[in-house]
Amino acid sequence: MFKSDLGIKGYFHLQKFTFRRLGIDMTTREARVTQICFLIIQIFALASILIPIAVYSGQHIDDIAEVSNAMAPFMQATISLWKVWRVIYRRKEMAELCENIYLISAKASKLELAHLIQENNRERIMNTAYYYSVLNTGVMALTAPVVVSFIQYLRLGEFSYITALKATYPIDYARPLNYFLIWLWTAVAIYGVIYVSVPVDSLYSWYIHNLVGNFKILQSKLVSAESIAESTADLGKRRELIYYCVAYHQRLITMSEQLNIIYQPIVFVQFSLNGLQICFLAYQIGSGVVAMVDLPFLLLFLISVGIQLMIYCYGGQHLQNESVNVSKSIYQTINSSPWPNELRKVLLISLMRAQKPCKLTGIFFDVDLPLFLAVWRTAGSYVTLLRSVDQKTM
């Protein structure tokens, strides 16, 4: 599907790498599952780990600190489970959209390619930071308990058997073999969280930035149409260029709508749970009851969730802004040259459509920067509520 990288550094590299770690090849038109057994194991680990965490939360319902400790990973696993189901269900449509964006981007000239390079550089930097943040969070979650247990063994002569996740496990993990099995189960679940979250979220960012790059190319084509109109009286050439720009614009709008259809259910579930997830993480960090060894993990977890939110909200806002900027280019083009009435009508219709931004939604809300602030404000309100409830129960 991707015959070349279009001369863009790291073009679709992270998405291809992480989807293959999940067991799906997103570079083929069918988006075939390459490691079905491994994918099933990850899904099973994610789904099954939710049960002991939920039981643990129910057993400690009166202890807000313990419930908060358990529920933040619980929600992330729930979001990841929802994402992987949606990817399996929609993977062919996602691969088709990748191909359509690639094919339309491959038509860019060398001058126009600068817009795509700029947008893909932004996407690569943001997604790389997100990947390493999520990866380090997962590694720390798995290694910190084992390291602390070994340190206590060296100091006190007794292994503590500290688990990575707060949960009521079906076996007694205070035995070496059982402890290893629980650790392995948790490791597969955390691997699933990493290699579901990163590919799905980074692919969303790739879609956004490449669509934005093409909207910028469209704006440059409209500017060139203005100069062509001034330099030639050939109506056929001017008509051909304007009709091409209109068709190009319509195709970008169609792809933006397709992106919204694919990601709308994912965005709805993610943003519905992210507020509570941030609340639980912030409560633990600010409560003062968390062990110092857990603070780096909680801070990294919170940073990862924050970057995840920013990828979606910034991307949605970026797409809105650039899709509306097309209307400014059309308006400038109409007013700068003497156009025949036929082409003027075509441009006016395009102008009316371009004034309506391409939006990404979560069914009941628009995905933009105000949503990012709203989620953090909501999380702050939840933290205040938890603290007041905690003080009353003390």
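In case you wondered, yes, glycine gets a Cβ from its N, Cα and C as well.
Just so it is clear, the model here is predicted, and its values are computed rather than measured.
According to TrEMBL, the protein has these features:
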TRANSMEM  36-55  transmembrane segment
TRANSMEM  67-85  transmembrane segment
TRANSMEM  129-151  transmembrane segment
TRANSMEM  179-198  transmembrane segment
TRANSMEM  261-283  transmembrane segment
TRANSMEM  295-314  transmembrane segment
Long-range neighbours of the transmembrane segment (261-283), counting only residues six or more past its ends (CB under 8 A): 64-65, 67-69, 71-72, 75-76, 78-79, 82-83, 86, 90, 93-94, 97, 200, 204, 298, 301-302, 305-306, 308-309, 312, 360-365, 367, 371, 375-376, 378-380, 382-383, 386-387
Intrachain residues whose Cβ lies under 8 Å of the transmembrane segment (179-198), provided they are six or more past its termini: 14, 18, 21-22, 41-43, 45-46, 48-49, 76-77, 79-81, 83-84, 87, 127, 130-131, 134-135, 138, 141-142, 146, 161, 163-165, 169, 171, 173, 308
Intrachain residues whose Cβ lies under 8 Å of the transmembrane segment (295-314), provided they are six or more past its termini: 72, 76, 126-127, 129-130, 133-134, 136-137, 140-141, 144, 197, 201-202, 204-205, 267, 270-271, 274, 277-278, 281-282, 284-285, 360, 367-369, 371-372, 375
